[in-house]
Amino acid sequence: MTNIRKMHPLMKIMNSSFIDLPAPSNISSWWNFGSLLGACLAIQIITGLFLAMHYTADTATAFSSVTHICRDVNQGWIIRYIHANGASMFFMCLFIHVGRGMYYGSFTLSETWNIGIILLFTVMATAFMGYVLPWGQMSFWGATVITNLLSAIPYIGTSLVEWIWGGFSVDKATLTRFFAFHFILPFIITALVMVHLLFLHETGSNNPLGTTSDSDKIPFHPYYTIKDLLGLLFLLLLLMMLVLFSPDLLGDPDNYTPANPLITPPHIKPEWYFLFAYAILRSIPNKLGGVLALIMSILILAILPLLQTTKQRSMVFRPFSQIMFWTLTADLFTLTWIGGQPVEYAFVIIGQIASILYFSLILIIMPTVSLIENNMLKW
């Protein structure tokens, strides 16, 4: 009798995706982050659902409903902090996942890569709207500043901003629709994740060498299920240490002050995971130029396959490309730091240099270095 997991229509899909899936025998721990992102998404949806049971999307009661969750709801404080810090874990895994794709040349799997970019934008939109919901000072002013960027679009900008706001300023209508979108988007993300996996399983995973793995595959279970489980334990350990020891480490103290349209905080800034893009936005004096640079800082990932000049897919045997990759990583850390600093002369200059370096590395320096390495292979 054939095993039920190979015969049952539903079990068959699960089996071919997570049990009998042929996987490369040499994929390293950098390949763990896909499953960790799935775990983060599950954690966020579950904790978010419980928070939504007690939250009220109304300007008069939103702030106090979050306070009520933390003070009066059974284990409400831990659910709230797991959700807030879970977002940070989500983005940490996302950035490593994208970095892994760049380093090992996974962007050559174009459908998977492009769905991944759409996922990145969707997750960023979801996180932004979630940050607005507690209706603290930084929530309100962050929403005002970021949505106002759309007014830079010629002709329709102002109308578009007022349409998104549902009025002439960020108010009750804005909060209500942001809550509605914040609730529905994670389910859209889940659907996109399924499409992402569908395309990945069409071609099979890349591996650290960047070579084809067809001749050497192993079953996903038990080898990679155990490996993913270990990664998940590390993730949960890190998340719970953050939640239980310093839950406000990555947050902003201004968000513990209820939103007040009459008082502007001294320094408006988004959460840490948006700071690199925020620094690029601020480094360009022109509003429209800044918005375009902001969008391009993420959208530039889509043209990576066109910029590939190397004969080797992975960077494992390309030391100069490795140096450029880690320079790019350091540059992103610099941009993140600058995004959190006030707009003062020294910080502005550093931000502008880091922004120019970011685009130069991806568009010019890395493809050029790859060409040089190609020529060195002939020696």
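Just so it is clear, glycine is given a Cβ too, placed from its N, Cα and C backbone atoms.
The following features are taken from Swiss-Prot:
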BINDING   His83, His182  heme b b562 binding site
BINDING   His97, His196  heme b b566 binding site
BINDING   His201  ubiquinone binding site
TRANSMEM  33-53  transmembrane segment
TRANSMEM  77-98  transmembrane segment
TRANSMEM  113-133  transmembrane segment
TRANSMEM  178-198  transmembrane segment
TRANSMEM  226-246  transmembrane segment
TRANSMEM  288-308  transmembrane segment
TRANSMEM  320-340  transmembrane segment
TRANSMEM  347-367  transmembrane segment
Q | Dominant neighbour of the transmembrane segment (226-246) in 77-98, 113-133, 178-198, 288-308, 347-367, by Cβ pairs under 8 Å | A | 77-98
Q.
Pairs 6 or more apart in sequence, C-beta under 8 angstroms, 3 or more of them: is that satisfied by the transmembrane segment (33-53) and the transmembrane segment (178-198)?
A. yes
Q. Are there at least 3 C-beta pairs under 8 angstroms linking the transmembrane segment (347-367) and the transmembrane segment (320-340), leaving out pairs fewer than 6 apart in sequence?
A. yes
Q. Do you know offhand how many angstrom separate His83 (heme b b562 binding site) and His97 (heme b b566 binding site) by C-alpha?
A. 21
Q | His97 (heme b b566 binding site): tally of other CB atoms within 10 A of its CB | A | 20
Q) Hey, how far is His196 (heme b b566 binding site) from His182 (heme b b562 binding site), Cα to Cα, in Å? A) 21
Q.
Please identify which of His182, His201 has the densest Cβ environment, defined as other Cβ atoms within 10 Å, among these binding-site residues.
A. His182
Q | Between His97 (heme b b566 binding site) and His182 (heme b b562 binding site): CA-CA distance (Å) | A | 23
Q) Could you give the Cα-Cα distance between His97 (heme b b566 binding site) and His201 (ubiquinone binding site), in whole Å? A) 17
Q | Chain residues outside the transmembrane segment (77-98) and at least six past its termini with a C-beta under 8 angstroms from it | A | 30, 33-34, 36-37, 40-41, 43-44, 47-48, 50-51, 66, 69-71, 116, 120, 123, 127, 130, 235, 238-239, 242-243, 247, 250-251, 271-273, 301, 332
